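> My questions all concern the structure below.
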C-alpha cells in the first residue's frame, strides 16, 4: 500500500504570484501538506493530512524566507469527508475492502484571509475534466523520488501532467481506483507529485479539478501515474459543509 502520510518530481519553481490560492499546512512547526483556499475562511486539503494542531500559511512562495505577502492562521475546526476511512491514519494499514476514497477535508480558519495579489480564492470546477488535458500540480513536496531519501525544496514547485483514464492507475496500483478519483501523470516517468504535495491542487485546462491524494513510491516511476481526489464529485458536500458551519 502507498504510504499515506502526505504525498514534485520533474517540475520547476512556479512563477511568483501564479498560485495565490496555494496553502501550506503545518503540524505545529513542521510542513505537512498543501491545500487550497476555497473561501476566505476555508481551506480544502486531503483528509489524510488530518492532524491535531494545524498551522496554515497563505501567500507563501519560499517557506524559508520572511515574506511580506504571507498570512498566518490557526484552524478552529476540521471536517474530513465522512466517507474517508480515518483508520488509514493510524498504522497506515487498512481493512480488506477499504480504500483511499473520499480523501478530502475542509479546514475552517480562525478568521477570514485578506484577499491580495498573493492570496486569492480558487473557484471550484463547473464542468467535468477532459481526458488527455494538460494539468498542473504544485506544492512543496519532495523533489527526490524516495523512498529512502526525500528532499524538500524551499520554493514551491509546479509540474505539468496529463489527465489519464482511470484504467492506467488501476493497472498500476494494487489499491482500488474509484469513480471519485482522477488519474494523472507522465507515463514515461520522471514527472509526478510526491510526498508532501498531498492536499494541493491539480488544475486541468485552467480549471481546478483535483486534490493530490496518493501514488507509488518512488515517485515518478514509469507507468505509475498518481491519484487525485475528483473535486466535481464533491461540490455539494463542500458547499453544504461551509454553509452549515459558519
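A Cβ is built for glycine as well, from the same backbone N, Cα and C atoms used for every other residue.
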> With the ranges 65-84, 85-104, 105-124 to choose from, which does Swiss-Prot describe as region 'Kallikrein (autolysis) loop'?
85-104
> Tell me, if you would, which residue among 49, 158, 194, 204, 219 (disulfide-bonded residues) has the fewest other CB atoms within 10 Å in the structure shown?
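Comparing Cβ neighbours within 10 Å for the disulfide-bonded residues 49, 158, 194, 204, 219, 158 has the fewest.
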> Which entry in the list of recorded positions, 85, 198, 239, has its Cβ near the fewest other Cβ atoms, using 10 Å as the limit?
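Ranked by other Cβ atoms within 10 Å, the recorded positions 85, 198, 239 bottom out at 239.
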> Distance check, please: Cα of residue 194 (disulfide bond) against Cα of residue 85 (N-linked glycosylation site), rounded to an integer number of angstrom.
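On Cα coordinates alone, these residues lie 21 Å apart.
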> Output the one of 14, 33, 135, 169, 183 that, of all these disulfide-bonded residues, has the highest number of other Cβ atoms within 10 Å of its Cβ.
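Result of the Cβ crowding comparison: 33.
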